[in-house]
Amino acid sequence: MDSTSIMPRHRVGYWFSEKKSKKFNLEEFHSICDQAGLELVKINFTLPIEEQGPFSAIIHKMTDVIAQADLGDPECLTIVQSFEHFIFANPKIKIIDPFDNLRQLLDRYQTYSKINNSDLHKAGEVFVPPFVDLVSSDVEENIRKLREAGVRYPFVCKPAVAHGSKMAHQMSIIFHEGAVKDCEPPCVAQTFIPHDAVLFKIFVIGKKYFVVERPSLKNFSAAERPTIFFDSHDVSKPDSVSLLSILDDDEKSDVRPTTNGELLDRVISMLRVALEMNLFGVDIVVEKSTGHYAIIDINAFPGYEGVPDFFTHVTEVLKEIVESSPVSSSSVTTTSSSSGVGEEDSGIDTGDSSDEKRHQQNNQGSRVKRSSALFNSNATNS
């Protein structure tokens, strides 16, 4: 018998929604993990989780399930409670990423507040545009809150819940005080930053990050004009063609916004420390008037569209995490790895609306960087 077949292999459980699973090339994921000495096992929530292990780590995309559970969905609530009980009973299993860390990104106001209260200002030339949460239907109260928070016109009105439904991407641009009535609480109002219709999506995978350029909203200024309602996915997908992204003639220029590698290194390092997560995305725009970076959104386990060799990088993170500390024999298995393709349904599905379709081809506009600050893998313990 080949000696490699009896070597202990770390078993890694995973859960993605059925929609996400169809977008991902899971056969490739299984193959890459197998070559790295990891046995990838799809978790089925209709069966006891304990019977599907033992696991050294679990990687999941449960943001939408958690969001729906927090909103009271009984099926999702049962799944989340079952998983949390399992994690609590098995503290040595590494979770990527822990639920407590994910929950901070489910609410946009909490997300912006978390970043604002971090050491991000030490990175220099980076900021979170002024924001405020609007929870009342009282227009006058909302106008007062906007003034007190320093939110300027125009501002972008975003649903408070950042994941869990298509409504999370339904936004509006409010141009003047008289249009504040168009806000739909609960929402977050954030000052719009003119950025020449260029968005930089930063995809973080462990200690690496990738920069992908996307179309974005054109420059707007305060004016007595009607509110614009839009879907952020329609504007910022790779192949989006939206009138909202076409610069006015007097705004067009041969000089396009660019990113500074050293500054991004500092920004991503500080965000990784603040968020204590391995898989997340950051939306950044470059302010037209100053060249400063404005962080306008953060997503947990985004679509990673345009990131080459995605599963190779994820597998590297998994291998580093499971080998970062001694694991008892109860956490490993000598069972040979199977492809797992065509396994049973995981028992629950969600719309997965917070993700964009992941293309398999490389995006020439992407580049990879390694964060300058080492991340303590123990932060992934739940």
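Glycine too: its Cβ is placed from the backbone N, Cα and C atoms.
All annotation found in TrEMBL is predicted automatically rather than curated by experts.
Taken from TrEMBL, the feature domain 'Inositol-tetrakisphosphate 1-kinase N-terminal' covers 11-100. For the domain 'Inositol-tetrakisphosphate 1-kinase N-terminal' (11-100), the predicted model reports an average pLDDT of 90.
Per TrEMBL, the feature 1D-myo-inositol 1,3,4-trisphosphate binding site maps to Lys20, Lys61, His169, Lys201, Asn299, Gly303.
TrEMBL lists 122-318 with the feature domain 'Inositol 1,3,4-trisphosphate 5/6-kinase ATP-grasp'.
Per TrEMBL, compositional bias 'Low complexity' is recorded for 325-341.
Summarising the annotation, TrEMBL assigns compositional bias 'Polar residues' to 373-382.
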Span of the recorded 1D-myo-inositol 1,3,4-trisphosphate site, as the biggest CA-CA distance among Lys20, Lys61, His169, Lys201, Asn299, Gly303 in Å, is 20
Students should find that the Cβ of Asn299 (1D-myo-inositol 1,3,4-trisphosphate binding site) has, within 10 Å, a number of other Cβ atoms equal to 22
